[in-house]
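Annotation source Swiss-Prot lists ATP binding site at Glu12, Val13, Gly14, Lys15, Thr16, Tyr17, Asp52, Glu114, Gly115, Ala116, Gly117, Asn174, Cys175, citing sequence analysis. Annotation comment: Swiss-Prot describes Thr16, Asp52, Glu114 as Mg(2+) binding site. According to Swiss-Prot, the active site annotation covers Lys37, on the basis of sequence analysis. Residues or ranges marked as substrate binding site in Swiss-Prot: Ser41.
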Amino acid sequence: MKKFFIIGTDTEVGKTYISTKLIEVCEHQNIKSLCLKPVASGQSQFSELCEDVESILNAYKHKFTAAEINLISFNQAVAPHIIAAKTKVDISIGNLKQFIENKYNQDLDILFIEGAGGLLTPYSDHTTQLDLIKALEIPVILVSAIKVGCINHTLLTINELGRHNIKLAGWIANCNDSNIKYTDEQISTIEELSGYKCSTKISQNADYLDFIDLSKILISPEENE
């Protein structure tokens, strides 16, 4: 089973959009996948579920339940550690790690774990999402929304991953805003300064076919278990 932790350079950069497209391409290619959203916030306007959890379940056509993919959820779209403190919920690295590792014995080809926001999103006053990724020891897929500021945010995230010896499996350029100019130039700059070639560039009207090449990279036998 391949395992990947999906993070963004920031919040609202399209992580869940990318996750659902990866799910779609796996489903079309009969690749057995499961995408977890261990920590979620922000209730959907259509149900009692958090919006990101609902989107993932919809991508799977509800063959999984919310409890199978999500451990902790908050109705308010607020930073997890803040709303956790307000509601007296403990976002424990140990509990999250156990929730994720309990899926390792399932018959899956690939396991995605979609994070909450960026790499250093706090879970508490003394822990961040980085601590969970380090505990899991699995590669990261980084999503960057190409816009003003993305070069700095992407390079900072890649540098921090490298500083902690976390493998970057690939990074995705989410070009979902047609008003942004010089997207190719921004992507090239990130590639040149980071040393990591963009795994795939996703346009506003992308479909699952745009993720075929990326899925082949992720499922390749060269990728570490």
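Each Cβ is built from the backbone N, Cα and C atoms, and glycine gets one as well.
Sequence features, as recorded in Swiss-Prot, placed on the structure.
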{"residue": "Glu12", "record": "ATP binding site", "DSSP (3 states)": "coil"}
{"residue": "Lys37", "record": "active site", "DSSP (3 states)": "coil"}
{"residue": "Asp52", "record": "ATP binding site", "DSSP (3 states)": "helix"}
{"residue": "Glu114", "record": "Mg(2+) binding site", "DSSP (3 states)": "strand"}
{"residue": "Cys175", "record": "ATP binding site", "DSSP (3 states)": "strand"}
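Closest to the residue listed as 'active site' by Cα-Cα distance, out of the binding-site residues Glu12, Asp52, Glu114, Gly117, Cys175, is Glu114. Of all residue pairs in Glu12, Val13, Gly14, Lys15, Thr16, Tyr17, Asp52, Glu114, Gly115, Ala116, Gly117, Asn174, Cys175, the annotated binders of ATP, the farthest apart have Cα atoms separated by 20 Å. You'll find the Cα of the residue listed as 'substrate binding site' roughly 8 Å from the Cα of Asp52 (ATP binding site).
Other residues of the chain with a Cβ within 8 Å of the Cβ centroid of Thr16, Asp52, Glu114, the Mg(2+) site, are Ile6, Lys15, Ser19, Thr20, Cys35, Lys37, Ala40, Val53, Ser55, Ile56. All protein chains considered, the CB of Glu12 (ATP binding site) has 10 other CB atoms within 10 Å. Annotation: Glu114 carries the greatest number of neighbouring Cβ atoms among the binding-site residues Asp52, Glu114 [cut-off 10 Å, Cβ to Cβ]. Asp52 (ATP binding site) sits 9 Å from Glu114 (Mg(2+) binding site), taking the C-alpha atoms as the reference points.
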